[in-house]
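The annotation transmembrane segment is assigned in TrEMBL to B:12-35, B:55-77, B:89-106, B:112-130, B:142-162, B:204-223, B:251-272, B:278-297, B:304-325, B:331-350.
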Amino acid sequence: MITAKTARARRSDPGMTQTSTDMMRQDTAASASYAIELRGISKAFGPVQANKDISIRVRRGTIHGIVGENGAGKSTLMSILYGFYRADSGEILINGHPTEIPDSLAAIRAGVGMVFQHFKLVENFTVLENVILGAEAGGLLRPSLAKARGLLKDLAREFELNVDPDALIENLSVGHQQRVEILKALYREADILILDEPTGVLTPSEADHLFRILRGLKEQGKTIILITHKLREIMDVTDEVSVMRRGEMVATRTTSETSPTELAELMVGRKVLLRVEKTPARPGEEVLRVDGLRLVDAQGVERLRSIGFELRAGEIVGIAGVAGNGQSELLEVLAGLRPAEGQAWMNGQPLPLSGRDCDAQARRARRIAHVPEDRHRRGLVLNFHAWENTALGYHHDPLYNPHSWKMDNAAIIRDTQAKMDAFDVRPPDPHLKASGFSGGNQQKLVLAREIEHAPDVLLVGQPTRGVDIGAIEFIHQRLIKLRDSGSAILLVSVELDEILSLSDRIIVMFDGKIMGERLPDQTNAQELGLMMAGMA
Amino acid sequence: MSKGRIPHWADVTLVPLTSVLLAFVISAILIWAIGESPWAAVKLMVEGAFGSSYGWGYTLFYATNFIFTGLAVAVAFQARLFNIGGEGQALLGGLGVALVCLYIPWPHWSLALIAASLGAAVFGAAWAFIPGYLQARRGSHIVITTIMFNFIAASLLGYFLVNVLRPQGAQDPSSPRFPAETALPKLHEILGVFGIPFSTVPPVNISLLVAVGMCFAVWFMLWRTRLGYQIRAFGESEPAAEYAGISPARITIYVMLISGALAGLMAVNSVMGEQQRLVLNAVEGAGFIGIAVALMGRNHPFGVFLAAMLFGFLYQGGAELALWTGIPRELIVVIQALVILFTGALDNMVRIPIARLFAMRGAR
């Protein structure tokens with residue numbers, strides 16, 4: 001296929017030799033069977049290499065899956081393709097042409113449409129108004145609206161993409177809102193459709209419907225890129241699948257020739273296990289018991305479904321799962337940060353999960369401490385000095401408040417100094433702002449604060465995210481030490497290594513449910529990976 | 001360019017001083033452009049504000065007002081709440097002062113001062129409580145509600161003055177004069193005790209000491225008490241405050257109560273200390289000046305004190321300028337607006353070059 005651009009190039013250069021023209025034609029022909037080709041894309045955010053030398057080819061008229069754990073760089077890659085970020089290096093070819101995509105407008109012009117995980121719709125506009133928004137033809141709305149109405153009718157017939165064009169977005173279900181996003185892309189004549197975790201907010205039947213739509217679009221010659229971490233969807237709907245891990249593209253497979261097991265292995269990677277020195281746990285009394293825990297978020301999506309487990313003194317229970325399957329919500333519920341339905345008991349006494357006595361102070365009073373997943377947002381006040389952060393959450397501690405309302409800053413500073421020495425925080429300066437410490441030292445500050453209060457239950461989320469290797473080892477040792485002193489620890493981590501090496505028991509979560517429980521020495525990363533993907 | 005690149009001392013001195021200087025330079029150009037001498041104008045302003053104990057007296061009187069309203073805005077801003085309602089809260093504070101002074105017989109000014117301060121604080125706090133409650137429990141944005149409450153307060157005060165407080169037969173919508181026992185000692189009386197002569201004309205009074213005391217009290221509350229800790233933690237990061245078990249709703253309401261009380265206290269100076277009666281426009285825009293004062297004072301009580309002095313100088317110096325030169329009164333407002341513009345809105349315009357300067361020096 002000879003495109004207009006190459007034809008123009010040939011016309012303008014009559015002296016071009018026959019061979020080079022042939023080569024060019026061949027090259028173009030080969031590339032043109034790919035809707036998208038990325039060559040050596042790299043992107044770094046500060047010290048974090050989000051994408052490392054990524055090359056990928058997406059065949060025209062196929063559904064191409066991209067899988068990987070959270071933080072593997074999938075969304076960054078797609079944001080580069082859609083013009084939200086610019087790659088530090090590398091090349092983008094669309095339909096065989098090298099294309100610059102400095103902004104999303106350029107992406108739309110190149111025929112790339114994107115359906116975001118979080119919809120970008122105007123809630124109090126109608127479907128029709130949202131579809132034409134930003135793509136109005138001329139100053140008057142009527143022609144655009146009429147055109148969109150006609151198009152919507154055709155699409156509804158062809159692909160089951162039926163939505164009432166005059167309904168307000170706020171009155172539509174999540175599944176219908178997503179269809180509007182797809183319609184927006186099609187109205188802009190997108191040939192290549194990128195869907196970022198499209199089923200995260202959908203019910204299973206809505207998801208099946210979405211896949212029928214996608215297959216229909218494929219038959220019309222559209223190219224679809226599906227980003228997900230759910231292997232079942234990949235196996236169901238894609239033709240080819242690429243696996244990303246830690247910013248790199250590790251493999252591309254034809255879907256019919258691969259298996260969930262292989263993909264799970266590729267996703268998680270056969271990483272060297274960081275072995276942690278520890279003696280077998282000696283679990284004691286039951287300290288925390290949870291039964292029938294249920295959480296429904298503001299969008300009406302069920303985030304936790306009848307969660308039940310118990311936690312004993314002197315053991316570490318790890319919760320494995322791909323991020324976004326309810327682990328974070330479980331931690332927040334237990335830490336008193338959001339109310340939920342269900343029952344819980346702490347040391348045999350009922351623990352309210354909603355109502356007035358359900359906040360983080362009440363949990364600390366019941367000897368539940370919490371190392372949050374996001375230390376920058378929750379665990380620390382970055383603009384506060386280290387010593388002020390030591391009092392965070394413990395500002396009612398009589399040690400810090402000898403006269404109920406007045407704070408004894410000097411006592412807090414002394415205590416911070418002691419904690420910094422015990423946890424080897426560097427620099428050991430209580431007057432340094434929290435933002436001035438490295439990630440590992442920030443985490444040590446948080447851990448020192450929570451561990452030194454000797455809680456009965458410690459909730460830990462992603463304890464070593466963004467932490468350097470040396471600090472990881474130290475943090476793991478401290479958690480084991482706390483366990484050995486008789487505390488119960490609930491560990492949430494997306495690092496399977498960490499779960500495997502620290503936990504005495506492992507609970508796997510998928511889609512808000514507990515998929516099962518395993519003992520670390522009787523399972524392996526592959527089995528857990530499958531459970532995490534909802535395949536077991 | 002991050003804020004952290006500038007040393008702390010430069011951030012609190014160099015940046016605001018440069019802003020003020022720039023505002024003055026542009027003001028000078030304006031004065032020159034209308035055919036007056038900028039140098040003479042500056043001389044007149046400085047002499048008018050600081051050249052005599054008369055000038056000092058007025059400067060300090062205005063500054064007292066601005067300290068109260070500036071502290072009110074600064075405290076709220078520590079919790080990242082933008083209280084634009086200082087004007088209305090001060091008006092209500094005036095009503096509190098008037099009720100206390102008119103309806104309770106006081107044997108001595110000192111008792112009257114304590115009671116009137118309480119009255120002003122309670123009325124101001126009550127007026128700020130409603131927007132605070134609406135934000136905390138109903139999610140109505142505090143900027144909108146506090147602005148609206150300024151208008152409601154003005155109407156409410158008008159009603160009280162015309163229908164309740166106005167003496168029979170009087171044409172003027174104002175309260176009767178307060179009893180003489182409630183008159184606050186003027187600064188010249190206080191200084192007279194120590195044998196220091198001071199002009200008897202300006203209305204500056206003992207409220208100045210109350211204001212200075214409040215600066216210290218607010219500093220102590222913010223940095224030495226648990227409540228202040230909770231307020232600052234909530235202001236810096238709401239998710240972290242939630243994690244610490246600090247109730248956002250409760251802190252919002254507490255902060256608005258404190259802020260409203262401080263704004264209300266302004267009335268002790270203007271209503272009880274100066275006018276000795278409640279008039280329609282008792283606050284004269286000091287509630288809004290408080291926003292600029294807090295902004296310039298970096299929401300720190302000491303900074304608020306200094307910024308209030310600057311605005312006191314601008315008010316008094318400006319009044320002198322309008323009195324003795326052909327420079328119209330409106331130009332004074334323009335000069336004040338320029339100071340607000342440069343210290344508040346254009347903060348980064350000054351900050352970024354200074355940060356660059358420090359970065360260059362650090363690199364060498």
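From the backbone N, Cα and C atoms, a Cβ is placed for every residue, glycine too.
Bear in mind that the values here come from a model prediction, so they are computed numbers and not experimental data.
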Outside the transmembrane segment (B:251-272), six or more residues from its ends: residues with CB under 8 Å to it: 61, 64-65, 68-69, 71-73, 75-76, 78-79, 81, 83, 85-87, 89-94, 96-98, 101, 112-113, 116-117, 120-129, 131-133, 135-136, 142, 178, 182, 184, 205, 207-208, 210-211, 214, 218, 221, 227, 230-231, 234, 241, 278, 282-284, 286-287, 290
Non-local residues, at least 6 beyond the ends, that sit with Cβ under 8 Å of the transmembrane segment (B:55-77): 47-49, 83, 86, 89-90, 124, 187-188, 198-199, 201-205, 207-208, 211-212, 214-215, 218, 222, 231, 235, 255-256, 258-260, 262-263, 265-266, 269-270, 273-274, 286-287, 289-291, 293-295, 297, 299-301, 303-305, 307-309, 311-313, 315-317, 319-320
Long-range environment of the transmembrane segment (B:278-297) - Cβ separation under 8 angstroms, sequence gap at least 6: 16, 19, 65-74, 77, 84-91, 94-95, 97-98, 150, 157-158, 161, 165, 172-175, 263, 266-267, 270-271, 303-308, 310-311, 339-340, 343-344, 347
Other parts of the chain folded back onto the transmembrane segment (B:331-350), taken as Cβ under 8 Å at six or more residues beyond its ends: 15-16, 18-20, 22-24, 26-27, 30-31, 34, 291-292, 295-296, 307, 310-311, 314-315, 318-319, 321-322
Segment proximity, the transmembrane segment (B:112-130) to the transmembrane segment (B:142-162), 3 or more C-beta pairs under 8 Å: yes
Candidates B:112-130, B:204-223, B:304-325; stretch with most C-beta pairs under 8 Å toward the transmembrane segment (B:89-106): B:112-130
